[in-house]
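Participant: Annotations per TrEMBL:
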| type | residues | note |
| --- | --- | --- |
| TRANSMEM | A:12-29 | transmembrane segment |
| TRANSMEM | A:36-58 | transmembrane segment |
| TRANSMEM | A:78-104 | transmembrane segment |
| TRANSMEM | A:116-135 | transmembrane segment |
| DOMAIN | A:137-431 | domain 'NADH:quinone oxidoreductase/Mrp antiporter transmembrane' |
| TRANSMEM | A:141-162 | transmembrane segment |
| TRANSMEM | A:174-195 | transmembrane segment |
| TRANSMEM | A:215-240 | transmembrane segment |
| TRANSMEM | A:252-276 | transmembrane segment |
| TRANSMEM | A:288-307 | transmembrane segment |
| TRANSMEM | A:345-364 | transmembrane segment |
| TRANSMEM | A:385-406 | transmembrane segment |
| TRANSMEM | A:458-478 | transmembrane segment |
Amino acid sequence: MSTLSAALPHLPILQVVVPLISAPICFLLQRAGLAWAFSTLVSWLAFATSVMLLRAVMADGTIHYEIGGWAAPWGIEYVIDAANAIVLVIVSGIGAAVSSYAPRSVLAEIPASQRGLYYTAYLLCLAGLLGVTITGDAFNVFVFLEITSLSSYVLVAAGAGLDRRALTAAYNYLVMGTVGATFFVIGVGLLYMVTGTLNIADLHERVPPLLDNRTVHVAFAFIVVGLGLKLALFPLHTWLPNAYTYAPSTGTAFLAATSTKVSVYVLLRFLFGVFAPTSGLMALTMDYVLLPLAVIGMMAATVAAIYQYNLKRLLAYSSVAQLGYMVLGFAYGSVDGLTAAVLHLFNHALMKGALFLALGCVMLRVGDVTMHGVRGLGRQMPWTMAAFVAGGLSLIGVPLTVGFISKWYLVGAALEDGRWWIAALILASSLLAVIYVWKVVEAAYLREPPAGRTVREAPLSMLVPTWILVLANIWFGVDAELTVSVARTAAMGLLGVAP
Amino acid sequence: MRHHLVLRVVSKLLIPFIILYGLYVQFHGDFSPGGGFQAGVIVAAAIILYALIFGTERAKQVFKPQALMVLAPVGVMIFALVGYYAMAMGGAYLDYDWLAGDDTTGQHIGIITVEFGVGLTVTAVMTLIFLAYAGRTHEIDDDDW
């Protein structure tokens, strides 16, 4: 108990360095079973840490931690407020669920020699994502973004054991991701050139008075486009469908539920926590670039999802559309819009996590996640398909699921600004989502299974984590008190509005 | 490579000095430009030069990939453990002031140890990347895709 209380003030750094040092240890463990047990333990520890941090932040306000004892703005500091505390919880929570789920799926999908390395890459990715989220230093964001990206290329490429196209998907992701990260660091470099500081809080004081400065304009453009690539903002999303389709099931579930969300968070942090949200160029970008792209993305990607035959690709396109909702939320620039964006960030991670884990079960038993593969599975794998349907309902936004809460706040924020046509488009996009979810339901429940196929239900070790995420979808859909209050505090903090 | 007498002699002459220079850069990391990353690259360059002249097989006999694969994560762990040690002594993560009685000595010890970890990892990883590429024996067949 005394060690625990001694560790408490160090929770912000432990959140990142525990997974970070676990990665080399996991590498040395070599054996897949050991590596899995170890990475799962670390994921749950990270989850516990993030929950404690969120509670501390909600009770006592922002936490600062100075690394190496060097005071900010000269040293690197970790800053945790409501906005990143909730992202930490969702990243580590999904990590804990996915790694608990992983052993059977990894055994089936990844060659024996690569399993230990796969868990190592997963831990690095987890450490990177947590680091990006927690840090209060703009350059540190870039460093962790690179750790995340490099390890996620490995996670995608690990699908090569099943389908060699994973390699081209990973390479494509690598090229696009590198362009994104380079643009981001160029932007940060330009900001440093103008202000002489890299601390985000310090930048927030120095950048807004300089908003007519040409260099700041260029920095803004580089950062928005760079992060747009990372978060797969339409039309910069082209790397995403292939990466999600060919990555191993566990990799897809983890990346889909966390990595783009963290990029959305970074964009939020830079738009509102560095640049001032109401100024000329910024307002123009919000209204005439981000908002239209978000709307087009949410419609176009939903339509694209309807025509997909491979279910992983279908969900990938649906992710692009859902990212559109998030960008839409913060493109309003209002407290309500930002609340909706943060809320949807959390909720969408729950939905996509549950859906991709359900597909992982299908992959294990049937080995085919196409419309053809799921035919008749409603009877053969009832629990798996029920989880998929529940996730799908949440994706559509049916009441009593988290999807409904997200849409409710998004539509509410749109109406508040008098943008009724956006509210109408959100509803239209939800109706289109019904079509692609229904196509899966129809194949799974109304079609006969292919003759001679006998499959059993997925093992409990995979069903339990899947259902935990499904139940989280319903829990936070019925009782949104907690998530909404955190999201609202986060939005107010980002906009600098007093509660 | 038997007939490339000049290459063999010159590289044999150079390699010790390259490594020595690497060590110099390594151990001056705490009070002059340089440090683990640069030193690691320099030492790895010496190993790569050896492998280029005398063949990757002979290089692998000295620098065994299995051993390098252990050294790479160990270097990272040295870095991280210094951070944990400072934390255990009562400071913030990586706060070198807590590593020794007075702050300046603590900073020296901290930087030297951390840079040693960095140097180890960079040497091992650079060499491994080279050996992995140089060790590829065949082109990818068309039907592998």
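Each residue, glycine too, has its Cβ placed from N, Cα and C.
Bear in mind that TrEMBL entries carry predicted annotations, made automatically and left uncurated.
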Participant: Are the transmembrane segment (A:458-478) and the transmembrane segment (A:12-29) near each other by the rule of at least 3 C-beta pairs under 8 angstroms (pairs 6 or more apart)?
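Facilitator: They do not touch: fewer than three Cβ pairs between the two stretches lie under 8 Å.
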Participant: The transmembrane segment (A:174-195): which same-chain residues, six or more beyond its ends, come within Cβ distance under 8 Å?
Facilitator: 138-139, 141-142, 145-146, 149, 152-153, 202-203, 206-207, 210, 213, 215-216, 218-223, 225-230, 236, 238-239, 274
Participant: Looking only at residues six or more beyond either end of the transmembrane segment (A:288-307), which have a C-beta under 8 A from one in the stretch?
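Facilitator: Residues 224, 233-235, 237, 314-315, 317-328, 330-332, 422, 425-426, 428-429, 432-433, 435-436, 439.
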Participant: Restricting to the same chain and to residues at least six past its boundaries, which positions have a Cβ under 8 Å from a Cβ of the transmembrane segment (A:345-364)?
Facilitator: 86-87, 90-91, 94, 97-98, 101, 104-105, 108-109, 249-250, 252-253, 256-258, 261, 264-265, 311-312, 315, 319, 322, 325-326, 373-374, 377, 381, 384-385, 387-388, 390-392, 394-395, 402-403, 405-406, 458-459, 462-463, 465-466, 469-470, 472-473, 476, 483, 487
Participant: If we skip the immediate neighbours and take only residues 6+ beyond the ends of the transmembrane segment (A:385-406), which ones have a Cβ under 8 Å from one of its Cβ atoms?
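Facilitator: Apart from its flanks, the transmembrane segment (A:385-406) reaches 318, 322, 325, 340, 343-344, 346-348, 350-352, 354-355, 357-359, 361-362, 374, 377-378, 430, 433-434, 437, 440-441, 444-445, 463, 466-467, 469-470, 472-474, 476-478, 480, 483-484.
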Participant: Is the transmembrane segment (A:36-58) packed against any residues at least 6 beyond its ends, judged by a Cβ distance under 8 Å, and which are they?
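Facilitator: For the transmembrane segment (A:36-58), the far contacts come to 8, 11-12, 14-15, 18-19, 22, 25-26, 29, 80-82, 85-86, 88-89, 91-93, 95-96, 98-100, 102-103, 106, 115, 119-120, 122-123, 126, 130, 485-486, 489.
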Participant: Counting only residues 6+ away from its ends, which parts of the chain sit with a Cβ under 8 Å from the transmembrane segment (A:458-478)?
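Facilitator: Hits for the transmembrane segment (A:458-478): 94, 97-98, 100-101, 103-105, 346-347, 350-351, 353-354, 357-358, 360-362, 364-365, 381, 383-384, 387, 390-391, 394, 399-405.
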